[in-house]
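Data first, discussion second: the structure below is written as C-alpha cells.
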Amino acid sequence: MIQDNFFPLFPHKHLLAIKDLSVQDLNTLLDRAEANVILSNKIDKTKSILRGRTQINLFFEASTRTQSSFELAGKRLGADVISVAIGNSSVKKGETLFDTAATLNAMKPDILVFRHSSAGAAALLAQKVDCCVINAGDGAHEHPTQALLDALTIKRAKGRIEGLTVAICGDILHSRVARSNILSLNALGARVRAVAPSTLLPTEINHMSVEVFNTMKDGLKDADVIMMLRLQHERMTGSFIPSTREYFHYFGLHKENLTYAKNNCIILHPGPINRGVEIASDIADGPQSMIRTQVEMGIAVRMAVMEALLDSRLKINGEKK
C-alpha cells in the first residue's frame, strides 16, 4: 500500500466545495482513495490514523447512504464517531445553528461532518469551529464527496476521465450533486453535458461549461457515462413537470433512451433511486449500472478526505498524532 507520506500535502483545513480545489488537490484525493479501495478488499480494512480522534456527524437533512458512509469511513480510520440525532437535539428546542456549533466546538472534536438544507451553511459553520469541517451537502449548492466518489467510479471503470463524454440528466436545477460534478469533471478533462427539460435547468447553466440538451436522444448520443438524478420534490415550490409518467417517457433512462449512448457506457446515480421516474429498474440493476460501486467508492473517498485533512493539519500546525 502507498504510505501517507508519499501523497502531496492537501493545503486545506476544510472540504467545503469542489470549486475550492485545484486539479492536483482532486488527484491527490483520488489517489488516496485508490489506496483505500485496495485496503477494503483485505480482511483487516482498518487503519489507525484517526485513533484517539473524534468525528462528529451533524446532519440537518435526512441521510442513509452519506451518513452511514461517513460513519464507516471514520471507524475504519480508528476514529471515535458520534452521530448527533437532530430530532432529539437542542435544535428542536430552539437552539440556533451557531449555538450548536459553539457547543460542539467546546467538546474539541477533530472532524465535523455537516449537512444542511441551506446553501453556504457549511462555510459559515467552518468559521465558528476550530476543527476540520467536511461539507456533506448544503442545499442545492455543493456535495463535494459525492463528486469525488463519482470521479473515482468513472476512473476505475473506464481507466481515465479525460476525454470522456459525461451526460448528467434530470433535475439539475435543484441538484448539488450536479453542480459539484460539473466542476470536478470539467477540471479533470471530461466533456460534460446537461440533459433536462428547460424547467429543470438553472438560469446560470450557460455559464457552467457544459453542453445543454433538452432531449435524451441528443444528450445521450455517444455518451461514455450517464449520470441520472432524481426529481427533488422536497426543494420544489411549484410544478416543474406535467407528470412523473410523462417525465419518465421523455427524460427517464429506459431501454429505448439507452440505445443513444455508447454500447459500453456506464450508468451512475447518487441515490436514492426513484424507479420508474428517472430510471427503469432493469437499467438500475443491469450490467452497465455502477450504482452499487458508487457506494463502495464512497467509503474509500471519505476515508481519503479525512486522512488528507488530518495529515494537512498535523504538518501545517505541527500537531502530534
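Placed from the backbone N, Cα and C atoms, the Cβ positions cover glycine too.
Of the residues Arg32, Arg115, Arg245, Arg313, Swiss-Prot places Arg115 in the same carbamoyl phosphate site as Arg65, Thr66, His143, Gln146, Gly271, Pro272. Farthest C-alpha pair in the carbamoyl phosphate-binding residues Arg65, Thr66, Arg115, His143, Gln146, Gly271, Pro272: 16 Å apart.
For the binding-site residues Arg65, Arg115, His143, Arg176, Arg230, the ranking by surrounding Cβ atoms (within 10 Å, all protein chains) places His143 first. Listed binding-site residues: Gly271, Pro272. The one with the lowest count of other Cβ atoms within 10 Å of its Cβ is Pro272. It is Gln146 that, of the binding-site residues Thr66, Gln146, has its Cβ surrounded by the most other Cβ atoms within 10 Å.
Those same-chain residues not listed among Arg65, Thr66, Arg115, His143, Gln146, Gly271, Pro272 yet with C-beta within 8 angstroms of the centroid of the carbamoyl phosphate site C-beta atoms are Ser63, Ala136, Gly137, Val177, Pro270. For Gln146 (carbamoyl phosphate binding site) paired with Arg230 (L-aspartate binding site), the C-alpha to C-alpha distance reads 15 Å.
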